[in-house]
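**Q** Let me begin by handing over the structure; questions about it come next.
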């Protein structure tokens, strides 16, 4: 097994790595760190939880420490773009941990937090800026940040950037960088759009891959439990009685259901809280901190948090609502089974959601075992393997860029959907979810809720007044 001291890292960084409890590099770290220390452009395909943040942070810190450059007002030497504020904060925390004792300064810029303290940090000067695209563009337009001294540009979770409509901002940033700089791109997948972006931004890059596209960690045990909608909450309470579910992340499709489920679990005596796009940023950070420190053992979340939650010892991810897109399943369950530690993904599949289960199985390229050993088991409507047909042939392919997806992102937005208006007198969202220009971290929730409403209209929950109210 490789060790960190064979990768070319300095003694100071090796001590920092050891202090954080890391004993051996992950596959993506072992492949990336030597290439980045050489100054090569790099595009990496890595699943969530594979240690990719340290893979680009460690060589970045080493090069900055060797240069011993003083900070300049309104300037930075390295720029890291992340699609969500949660991920940006996670990267910032990684930098803080590994740079202890070094005279290296960084700041994190994202929407939903006060603008003035961010501006003051930039005016003092930093070595590293970690930012979401929207807030960073705000600072650039106001003259608070110039990119003339940037030597390293990192684009993390590029596929997410593409999905959330940030690529134009990314290209604008790249065009403003000095001619001589290093570009690093990481993505969970390397589809056609990401490859085209890499061709535009990277110069003779080396490609590293620690996981095949559209796959999940082998350390995750997948199981599905079929249940009628009216019994889902009781089944969840039944599952939570198991003491092995010591730190649990529960996913719902909408913020309304996340709040409702959190309240009901709290009433049953569970230590629980919820996080979604409608809660204030300071509250979301406080809840995540409570979850990390074990003050709560169940966190209910919408998909907006799927890539922003970084808690290393999550034992179980429970899909209370099956994801409408198979890719969301991959992102959700990536919160468990990390860094070689075993994890479990449990999905509560309603009787009419066999098509969603089949999409997940195609996406992860393996069958999901059916768990019948619970008091609320119900049979799926129709054959699990039949699948929808057209002209006598099955249609629909995995989400990896080809084939028809089970639900389109266009559709009417419910006023109670994630990010919608709760009070009367206000209009619902426009009919095209992809054109929503609010906070980027919430766009996937808007899209999912639009699809959820579309599924309702098409008869997926026909006759269920209770589901209509949710």
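Placement of Cβ uses the backbone N, Cα and C atoms for every residue, glycine included.
Bear in mind that TrEMBL entries carry predicted annotations, made automatically and left uncurated.
Below are the features I grabbed from TrEMBL:
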type	residues	note
COMPBIAS	368-377	compositional bias 'Basic and acidic residues'
COMPBIAS	390-406	compositional bias 'Basic residues'
COMPBIAS	436-448	compositional bias 'Basic and acidic residues'
DOMAIN	2-30	domain 'DEAD-box RNA helicase Q'
DOMAIN	33-208	domain 'Helicase ATP-binding'
DOMAIN	231-381	domain 'Helicase C-terminal'
REGION	368-470	region 'Disordered'
MOTIF	2-30	motif 'Q motif'
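Any idea what these are sitting next to in the structure?
**A** Residue counts for the compositional bias 'Basic and acidic residues' (368-377) under DSSP (helix as H, G, I; strand as E, B; rest coil) come to 0 helix, 1 strand, 9 coil.
Distant neighbours of the domain 'DEAD-box RNA helicase Q' (2-30): 37, 44, 46, 50-52, 54-55, 58-59, 61-62, 65-66, 97-102, 208, 210, 339; these residues of the same chain sit at least 6 beyond its ends, with a Cβ under 8 Å from one of its Cβ atoms.
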**Q** Please report, as numbers and ranges, the same-chain residues at least 6 past the borders of the compositional bias 'Basic and acidic residues' (368-377) whose CB is under 8 Å from any CB of it.
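**A** Tertiary neighbours of the compositional bias 'Basic and acidic residues' (368-377) are 222-228, 231, 234-235, 238-239, 346-347, 357, 360-361.
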**Q** Averaged across the domain 'Helicase C-terminal' (231-381), what pLDDT does the model get? Just tell me the whole number, please.
**A** 90
